[in-house]
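Novice: Residues annotated as domain 'SLC26A/SulP transporter' in TrEMBL: A:47-436. Residues or ranges marked as transmembrane segment by TrEMBL: A:51-72, A:78-96, A:117-140, A:197-215, A:236-259, A:305-327, A:339-356, A:376-397, A:404-426, A:432-465.
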There are 2 protein chains.
Amino acid sequence: MDQDRSCTSPRCRHALFRVCQNFFRKETLNKRVPISSWLPKYTVSTLFQDILAGFTVGLTEIPQGIAFAGIAGLSPEYGLYCGFMGGFIYALFGSCKDVNIGPTSIMALMLQDHISGLGPDMAITITFLAGIIIFILGLLNLGFVIEFFSYPIIAGFTCAASLQIASSQVKGLFGIPGKANAFLEAWESVFSNIDKIRLWDSVLGVLSIIFLVSLKEIRRFGTLQYREDWSRNRNILGIFLFMLSLARNALVVIIGTVISYSLRDDNPFKITGDVKSGFPPFEPPPFSTQVNGTNYNFRDMVQNYGPSLAFIPLVAILEAVSIAKAFSKGKPLDATQEMLALGLCNVMGSFVRSMPITGSFTRTAVNNASGVKTPLAGIFTSAMVLLAIGFLTPSFYYVPKATLASVIICAMFYLFDYDAFVVLWRSKKLDLVPFLTTLLCCLFISLEYGILIGIGVNLLFVLYASARPKLTITKEKISDSRGEVFVITPKDTLYFPAAEHLRDVVLTCEGENATVVVSGREIRNVDVTVAKSMAVFAKELVGRGQKVIFLDFKPSVVEVCVKVDLSLQKYFAEGPLDEIFENEPILSVQ
Amino acid sequence: MDQDRSCTSPRCRHALFRVCQNFFRKETLNKRVPISSWLPKYTVSTLFQDILAGFTVGLTEIPQGIAFAGIAGLSPEYGLYCGFMGGFIYALFGSCKDVNIGPTSIMALMLQDHISGLGPDMAITITFLAGIIIFILGLLNLGFVIEFFSYPIIAGFTCAASLQIASSQVKGLFGIPGKANAFLEAWESVFSNIDKIRLWDSVLGVLSIIFLVSLKEIRRFGTLQYREDWSRNRNILGIFLFMLSLARNALVVIIGTVISYSLRDDNPFKITGDVKSGFPPFEPPPFSTQVNGTNYNFRDMVQNYGPSLAFIPLVAILEAVSIAKAFSKGKPLDATQEMLALGLCNVMGSFVRSMPITGSFTRTAVNNASGVKTPLAGIFTSAMVLLAIGFLTPSFYYVPKATLASVIICAMFYLFDYDAFVVLWRSKKLDLVPFLTTLLCCLFISLEYGILIGIGVNLLFVLYASARPKLTITKEKISDSRGEVFVITPKDTLYFPAAEHLRDVVLTCEGENATVVVSGREIRNVDVTVAKSMAVFAKELVGRGQKVIFLDFKPSVVEVCVKVDLSLQKYFAEGPLDEIFENEPILSVQ
């Protein structure tokens with residue numbers, strides 16, 4: 001009420017009016033609510049293509065959602081709850097037609113540590129908080145932080161995540177009991193329970209994997225575009241094979257479920273069990289929760305999230321933005337808009353009990369391959385997920401766990417970046433260091449610290465380069481009458497980590513009556529530390545009876561140096577060395 | 001025993017022999033035990049100069065030691081215990097004649113948080129550990145880490161430390177009770193107890209400060225070198241004034257103590273009280289301790305030190321190495337040897353109950369001003385401190401606390417870096433950011449986090465520069481028949497934080513049939529992330545129907561790029577643009 005009242009004051013109303021006016025200017029509206037730019041031009045043929053793509057993606061999203069909820073340690077219905085809000089919101093605010101926002105294996109894995117045993121409320125509240133953080137980072141244009149995720153870091157992180165997720169599913173594939181999810185524990189649990197392998201689960205799991213891999217490979221015999229060089233029948237077959245390949249995850253789950261259902265009286269498989277039916281309530285995320293009789297208030301929850309509160313938003317941005325970039329095909333991408341959209345997807349998702357969501361590479365690729373035309377396809381995907389929540393939950397009861405495990409393991413097989421090691425080894429072995437550091441730390445410490453340590457190690461390279469800038473030293477002889485002339489040319493801008501190095505190098509230039517020339521031609525900038533260092537070594541050289549010239553420095557650099565130490569003025573000179581040496585006074589020793 | 005036996009095997013004996021032989025080669029010996037190079041040439045006249053300098057420094061060290069022990073929160077005798085081992089060890093291993101290793105105000109301040117109320121054992125063990133760490137850093141040649149302490153960081157840190165130390169002494173100066181040492185607390189305590197100001201303490205304190213400042217300033221009328229332009233008597237007066245000025249700390253303490261002693265029956269001053277007499281035992285540092293009935297084992301002690309375990313060694317290295325550099329006057333300094341010597345000083349110091357020690361700027365300056373010739377002077381300083389421990393401790397009972405406070409406050413007055421703000425403001429305002437960040441964080445959080453945050457902020461500048469390298473874009477017209485030609489020239493080496501920026505810039509070069517030329521002339525190096533980004537935007541441009549040329553890249557850079565993505569090969573070209581355009585095939589769109 002108070003707020004309402006204050007906003008009816010004329011001045012306030014005017015300001016509000018201007019903000020609204022500005023927002024509803026056509027360009028701003030098209031930029032911030034992209035649907036306003038493409039919906040007016042929407043056609044019926046586009047609609048059909050979007051429906052086809054949307055449904056195909058839905059067929060992938062439903063089994064993935066159920067499986068990923070398992071990775072996070074949540075019951076299956078949560079995988080569906082997080083599958084529909086992203087599609088609706090992204091259709092309004094997203095700028096890249098292919099992107100599908102929903103559950104991803106990496107988000108699920110990052111969540112795992114913080115909700116295992118603590119129930120779904122923990123997951124939902126972090127969805128809300130992550131959404132807010134992503135939105136704010138977008139508003140403040142701070143998305144550039146993900147530029148510090150270099151290729152070796154991303155590759156190492158992805159490899160570690162896929163290894164860890166796949167490892168956690170091995171026991172599911174063979175029906176081995178156990179709950180361990182961390183990499184080492186998972187294998188330990190598999191080997192210590194190896195006698196408990198269940199025959200039929202293993203058979204189903206292995207067959208499912210073979211089925212999935214075959215269907216994945218079958219795509220190369222298919223097509224979506226009509227091919228002139230093929231006969232009509234071959235083209236129809238091509239389209240069929242192509243769609244079959246795209247829908248393989250759904251197919252394997254359906255077939256597995258049908259088998260499991262038909263054997264229901266004496267079921268030889270471990271099955272998913274009860275999946276809560278009905279739509280989630282639309283309500284604000286819980287800001288306090290109770291787990292096993294312990295109350296967690298908001299502060300306790302935040303404490304439980306710890307560094308994930310920074311890393312879940314960052315990794316979400318990283319996934320969404322890099323996928324959007326990959327599929328924007330040369331069009332410049334508005335990363336800010338992507339972050340705003342992603343933030344809204346998560347905030348709104350938290351109202352329908354969603355876990356954190358972001359762009360999924362698999363489903364975005366399926367979307368693209370299915371010929372999606374606009375983000376509207378997401379609405380059809382979401383509609384399918386909603387249908388599944390409404391009508392299919394009873395049938396999920398019989399989904400064999402081994403099948404879900406096979407879906408995840410196959411996805412991880414293609415997520416794992418095999419090339420990374422080869423590319424890095426072949427092209428630049430030094431970049432293996434951040435790659436392996438990230439990979440090993442992610443596997444054996446935690447994903448968050450793995451990224452952090454990896455980025456730290458990688459930044460050391462950049463810092464080392466600034467601490468040891470390349471510089472050349474040449475010895476010249478100007479005339480017989482004077483001693484040696486050393487010319488030192490730093491090849492880069494100098495920052496403070498280089499200050500001591502420069503001084504050490506300069507002081508090695510010894511010799512009776514020798515002159516040290518520091519060439520500033522390639523120095524664009526110095527900071528005060530470097531300027532101080534220059535003043536110190538200039539005095540030291542003069543004290544040794546040597547001469548100093550700072551040659552051809554940029555005026556802006558000279559200005560900084562002279563303001564740091566006025567006595568530096570007399571050492572600066574310009575022009576060819578010979579001429580300077582004729583003009584002796586500049587060089588006079590104090 | 002086991003070790004002995006294994007070392008008598010012939011092969012082992014041989015290896016040992018070779019190591020010894022290598023060590024005792026003259027150059028190595030002179031480098032690692034510098035006394036071996038200068039002692040053989042030692043003369044009687046040098047001896048007299050060293051004795052004079054050593055005693056003058058001793059006169060400063062004794063009152064400083066007692067005062068600094070108070071800053072650390074230890075009883076006065078500990079200030080003496082840490083005053084003699086440094087001199088002995090540095091005389092053997094130190095390479096810079098002026099340096100005096102002993103208690104410093106900053107080390108005392110850094111120790112304060114970790115031993116207040118926990119007794120001296122905590123201080124002695126960290127001396128040992130810091131010594132080991134410094135020694136290892138020296139062995140591993142890792143001293144370069146202090147190059148990340150830029151001038152703004154050091155200035156901010158020094159200003160904060162001097163402000164904090166001076167603030168903690170204000171109450172001592174006026175005889176106000178209270179124990180607070182942190183900056184804000186100290187002033188709070190002064191103002192809340194302002195009614196408890198003691199008249200005679202204040203009078204003594206203020207007079208002592210006036211006395212110290214006057215004697216400091218008197219030095220400009222003195223001399224140590226015989227001046228031809230002065231009469232004989234003026235020269236004698238000059239030497240007297242000079243030595244008076246150097247011995248001012250001792251003088252003010254002696255005068256204060258005499259006054260305090262003569263008024264002993266009705267002493268109007270707060271006095272130091274009992275100082276434990278006798279030499280400290282020579283024994284290993286305590287690896288467990290008991291405080292107020294609580295047992296602390298080694299692990300608990302280490303936990304109590306926390307990040308100080310990294311920062312005390314680093315700041316000790318920073319002080320010692322920068323002082324040694326400042327006084328080595330143009331001779332290159334062997335920082336490794338300084339670190340080894342400093343490490344040994346601390347390790348050996350911990351055997352005589354010393355707190356962490358490092359190079360003292362004040363005493364090194366006094367040493368230099370007194371005409372020190374070799375590190376042997378340190379032995380005379382140490383001898384004086386030992387004499388004080390042996391015979392003078394009873395007389396320290398009457399040292400007025402206000403006098404000690406005045407000694408510290410005057411030292412801090414000269415430690416505070418007034419110039420820093422002016423220099424930074426005038427020459428480069430951007431460098432005020434790390435300066436003020438460090439200053440404020442050191443004052444209001446803690447010295448350790450202040451340094452860490454300051455370095456972090458300052459490194460952001462370096463990283464920002466590598467994320468947004470300067471690049472120029474020019475538009476050229478080669479001939480009428482073709483579209484625009486954009487020439488993009490990055491001005492620096494490209495590291496991964498720049499990869500996305502480069503791509504974004506390249507993709508802004510739009511235009512029908514437009515060619516994008518990326519000039520590699522100033523790129524010395526790329527990493528895999530940048531190479532990947534080049535491959536991506538090259539394909540994106542070609543996909544848009546544009547042409548790409550990577551012009552004049554260094555062969556090593558071309559190699560990395562091609563190995564990352566073979567398809568990049570065809571975009572590389574060399575030579576003037578006109579010629580390349582005649583040779584059309586290179587540019588053909590796939």
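Just so you know, glycine gets a Cβ as well, placed from its N, Cα and C.
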Novice: Does the transmembrane segment (A:78-96) come near the transmembrane segment (A:236-259), with 3+ Cβ pairs under 8 Å (pairs 6 or more apart)?
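Specialist: Contact between the transmembrane segment (A:236-259) and the transmembrane segment (A:78-96): absent, because fewer than 3 Cβ pairs are under 8 Å.
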Novice: Take the transmembrane segment (A:339-356) and find every residue of the same chain, 6 or more past its ends, with a Cβ under 8 Å from one of its Cβ atoms.
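Specialist: Same-chain contacts beyond the flanks: 32, 69, 72, 74, 78, 81-82, 84-86, 88-90, 93-95, 101, 103, 107-108, 110-111, 120, 123-128, 130-139, 143, 279-285, 312, 316-317, 320-321.
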Novice: Counting Cβ pairs under 8 Å to the transmembrane segment (A:432-465), which of A:51-72, A:305-327, A:376-397 comes out on top?
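Specialist: By Cβ pairs under 8 Å, A:305-327 leads among A:51-72, A:305-327, A:376-397.
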Novice: Determine whether the transmembrane segment (A:117-140) and the transmembrane segment (A:305-327) share at least three Cβ pairs under 8 Å, counting only pairs 6 or more apart in sequence.
Specialist: yes
Novice: For the transmembrane segment (A:236-259), which recorded stretch in the set A:51-72, A:305-327, A:376-397, A:404-426 gives the largest number of Cβ pairs separated by under 8 Å?
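Specialist: Comparing A:51-72, A:305-327, A:376-397, A:404-426 against the transmembrane segment (A:236-259), the winner is A:51-72.
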Novice: Restricting attention to the domain 'SLC26A/SulP transporter' (A:47-436), give the mean pLDDT.
Specialist: 88
Novice: Any residues 6+ beyond the ends of the transmembrane segment (A:305-327) with a Cβ under 8 Å from its own?
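Specialist: Here the qualifying positions are 95-99, 101, 104, 106-107, 110-111, 113-114, 122, 126, 129-130, 133-134, 137, 143, 145-146, 149, 154, 333, 335, 338-339, 342, 346, 356-361, 364, 368, 447-449, 451-452.
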